[in-house]
Each structure stands twice: as C-alpha cells, then as structure tokens.
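Report on the following structure.
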Amino acid sequence: MIRAHSVESVRTAEAAAMAKLPEGELMSRAAHGLAEVAAARLTDVEGTTVVGLVGAGNNGGDTLYAIAQLAESGFASAVVLVPSAGRSGVHAAGLQAAESAGAVVHVAADDAQDAVEATAEADLVLDGIVGIGGQPGLRPEAARLVDAIDDDAWVIAVDLASGLDPAGEAGEDDAVWADETVTFGTPKPVHLLPAGEAATGRLTVVDIGIEVDDVPATVERLTWDDVARMWPVPDRGDDKYSRGVLGVVAGSEAYPGAAVLCSTAAAEAGVGMLRYVGTPTPVALVHQAVPEAVVGQGRVQAWVVGPGLDTEADTAEARAQLAAAREALASDLPAIVDAGGLALVEGRRAAPTVLTPHAGELARLLTRLESAPAGTDDRTQGGSGAAAGTPGAGGPLSGPADAGTEVTAADVKADPLRHARRLAALTGATVLLKGATTLVVTEGEPVRSQADAPPWLATAGAGDVLSGVIGSLLAAGLSPHDAASLGALVHGVSADRASGGGPLRALAVAHGIRPTVRDLLARGRSAPA
Ligand SMILES: NC(=O)C1=CN([C@@H]2O[C@H](COP(=O)(O)OP(=O)(O)OC[C@H]3O[C@@H](n4cnc5c(N)ncnc54)[C@H](O)[C@@H]3O)[C@@H](O)[C@H]2O)[C@@H](O)CC1
Ligand SMILES: [K+]
C-alpha cells in the first residue's frame, strides 16, 4: 500500500526527526537523493546541462544543494533564482554551496531574459520553486520561466510540482507539468489525487529518515502486493454458502447485457454462489453465460443492485424485478448500488453500502438528495446520525452553501474528491467515483485512490463488470471500503492485461478477472515475507 500524509503530519514528523539530527541533515539527505535521481536521468536522456529553478523556501534549498552535487559531478549546472529579492531571497547556505561547486547563478529579477534563456537551454530542469509550503498557482515571474522549459527537457519536480495544491484538493492549471517527482519521506496527497497526479509524473520517494509508519495516512493506494493480503481465499472448511452468496438484481429488456457482464465478473471473481433476479431476456442470457447462476430470490450475503436496471419499464416482470431491487436496498445486507439502482437510493441504509456513480450520476444523486426536504426520506434509519435529516451537513467540505443547489457533472469533474465526500457524508455509504483515477471515499477512512486501468477502459459495460467484482467481495465479508478499492484495483489490472495497449471490450475485462486474481495471489505467495 502506498500511503500519503498530509502536510501537517509531514511537518510534525520532520520536526521530530530534526530534533534528533544535526542541523541541515534532513535537507542534506533530501538533496543527495534528489541529485542521485537527477544524475541518473541526465545519463538516461544523454543530457549534459541541468538548471534548478529556485524559490524562496526550503524547497529551493534542496534544489541548490542538489545542483551543487551535480556541478561537482561534472554536469554543466546553473540555478535561476526566482524570488524578486534575488540572492537575498533564497536559502543562503545552499546558494553558497552551489556557487562554490561551480554552478552559474542567474537572478531572474536582475536579468529576466538571461534567466529565460538559461532555463530554455537545459536538458534537465529541477523545479524547486515551491514545495509543501506553496500556495496553489504560479506567480508571473515563475510562470514565465516554466513556460520557457524546452518540450524535450526532462522535468523533475522537487517534492511536488510547483503550483499544485499540496493537499491535492484544489485543481490548478497554472502549475509545473513534471515528468517525474522526487519527494521526501512519504508521498503527499497531491501525488495520488486527480488534481495533481497527472502533473506529478513518475513518483520516487527518497528516504530521509522521518517516521510516518504509525501516522494515519490521508490518501492510500492499494498495490499488487495488497491483493494476496486482502483477497478472500477459501480454506478447507469452506463451502459455497460460507464463501458468500451474491444476489444480483441487474439487466432489463432494454439492457440485458449488463446482467451478463455483472454476473460473469462475479463468477470470475470466485463468488461462492450467485443468485440472479431479472426479466426473461437477461435471465436467458445469464443462463447461457453463467450456467452456475441460480435464478430467483433466496438467501444471500450481499446484493448488487442496478447495472442495466430499467426503472421506467412497466411490464409485470420489470415491476417484480424493481420490487426485488427495492427490497434488497431496504434489507440489512451489504449492497453495491450502481447505474439504474442509484435512482432508487433515498438516503442512508443501515447496512454496509457501496455507491459507484460516474460524475454525471454523482451530480444527479447529490442534487436530488440535497434538495429533498428533511424528514422525507429514510436518512435517519439506523445511521450514525452525522447527516441525519440535515441534507448537506456533516461532511468536512459540505456546508449549507452546497445544499439545495444543482450540481452538474462538470462541477464533479472539476472537484471530484469534494463531491465524493459530500455524497459519502450524506448517505453514510462508501462512494466509489469512477474516473481515470478512481476515488473510494468512506467517512473516517483515508481516501483510497486507484489508477490501475488504461484509458481504453472507458468503454460501455466496464462499470457492470466492476460491480460484479465488488459484489463478490462484499458477499465474502469485506468492508465496503476494502471491497470497493480492491475491486477497482483488480478490475483495472484485468483491463490493462486485456488491453495490452489496444482496444478493450468489457467482456474481455470480465474474463480477465480470474487469471488476474490467480496471478496476483501467486505473486503474494512468492513475495518475501
Ligand atoms: N522541513 C524540513 O526539514 C525539510 C523540508 N524539505 C523541503 O522543504 C520544503 C518546504 O519548505 P518551506 O516550508 O520553506 O516551503 P516552500 O519551499 O514550499 O516555499 C515556501 C515559500 O514559497 C513562497 N511561496 C508560496 N507559494 C508560492 C507561489 N505560489 N509562488 C511563489 N512563491 C510562493 C512563500 O512565500 C514561502 O517563502 C519541502 O517541500 C521540501 O522540499 C526537505 O528539505 C526535507 C526536510
Ligand atoms: K517544487
């Protein structure tokens, strides 16, 4: 698991480490690690010239010491001092070290053109304008230099790409776009969240000796090695019932394929037994594709409600299926609710719940639930009461200003984490927000952020497959938070393997789940203890 810590936690851990170490030791370790990565990349890109863009804080200090080391190693090295105060505005000892080692110093405030040219000529750029002390956005003097960076240059962000919000909450267009980020001690939230991940590029963490193992993370990412630890593996005493029976209420005459995709994925994920509830056409198709499925209601341990469900259909069979969906939602069993099922969500369920909207569905659901007058839904039923009867309240970022106003898909895309948190606060559910980076948000837990899938996965039916995988994990007893994030990981890896760099079909992703889980489990068995 990759764990990212808040700026506040990092500063506390740094202060504790600094108290035990000689002055300057942490910065020296950071700069040394940074210089080693920079030297390796200069060799990779057959470059000879490196320039460090140096801001006013310790991020600039790291950069100055790294440039000093690179200059001593024989690379043509320069620094561009960004602050308007020039030499007196940057880390003094770092500047002295860089100059003594032979680095050329350009002061942007004294000769802007000279600074721009030096930046444009570099094969490798170290972005040391701001780190965790930075406000989002770039000031004009910094932006001018960043614009001058050659398209072919390799850009290493020091700690984080300058201009990004270190917390990864606010999106920011005006930021450095790095090929790689070298961070210190632990990843920061910005590195793993949609607002910053793309501009972060490849992430390397340099160990500088700060202790964060016991500090709660703000953002987490499951990795391949977590699968063996978390996946429900049967033992000799298990039978199909003890392993988990999943009920699937999915598909319709209009969208029969969703039932096939969801049920196939659940079977591929190794569910103990599958009960399918649907209308005649999807029933016939599920029989063919998943002969082990049992049709009709019965005892289950968890439900999938909604893929391909047509809430407008008005035949007797469709009404019966819809009644089964409502019954499942009203039950005290874990449920994952997707697509058509989201229209049936009225507020809090008492039981563990995963909601899996895309941006448009999240927007519609928030708009509907937040505009519902207090007391008209079952929001108070068995919940913790944090948001009971008070639409929009309770979440750290949701407030009265948000309540009752229409939310659009564009709003959600611009600020996905905040909106996912709002829905989690409102429903008490785990919210899995689909996107290039999938967010899994549960109140009181670190956000899980998964980016395992190729863009080819943006294809019809992919969500039906995901809900089948997550449903099988809920039926096996995983928590909604673990089921959603582990499901997203395995779904993404299966998609990556099935794609192999080319087009992808949802059915191929579903059929890839079984070998993907097998290989990830085998990887866990062969990993050193
Ligand atoms: N504290 C420590 O012991 C360590 C800190 N390290 C480095 O120190 C960094 C944090 O240092 P600081 O707290 O000095 O903060 P920063 O270096 O991130 O920068 C803060 C300075 O930048 C200015 N600034 C803020 N936003 C700006 C913007 N948008 N554009 C231009 N200037 C802006 C502020 O006026 C302030 O002077 C970390 O990111 C890391 O690189 C490392 O050396 C490891 C050890
Ligand atoms: K930086």
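For all residues, glycine too, the Cβ spot is worked out from N, Cα and C.
Any TrEMBL annotation is an automated prediction that lacks curation.
Per TrEMBL, AMP is bound by LYS434, GLY435, ALA436, THR437, THR438; the candidate from GLY461, GLY463, GLY468 named for the same site is GLY463. Of the residues GLY201, GLY209, GLY308, TrEMBL puts just one in the (6S)-NADPHX site with ALA258, HIS358, ASP464: GLY308. The 10 Å shell around the Cβ of THR438 (AMP binding site) contains 25 further Cβ atoms across the protein chains shown. Counting only the Cα atoms, the space from ALA436 (AMP binding site) to GLY308 ((6S)-NADPHX binding site) is about 22 angstrom. Residues LYS434, GLY435, ALA436, THR437, THR438, GLY463 make up the record's AMP site, and a Cβ search at 8 Å around their centroid adds HIS358, LEU433, LEU439, ALA453, ALA488 from the same chain. Residue pair GLY435 (AMP binding site) / HIS358 ((6S)-NADPHX binding site) shows a Cα separation of 7 Å. In this entry, (6S)-NADPHX is bound by ALA258, GLY308, HIS358, ASP464, whose most widely separated C-alpha atoms sit 16 angstrom apart. Spatially close to ASP464 ((6S)-NADPHX binding site) yet at least six residues away along the chain are ALA250, GLY257, ALA258, LEU261, CYS262, ALA265, PRO307, GLY308, ASP338, ALA339, ALA506, judged by Cβ distances under 8 angstroms. When Cβ atoms from all protein chains are considered, those within 10 Å of HIS358 ((6S)-NADPHX binding site) total 19, not counting its own.
Comparing THR437 (AMP binding site) with HIS358 ((6S)-NADPHX binding site), their Cα atoms are 12 Å apart once rounded.
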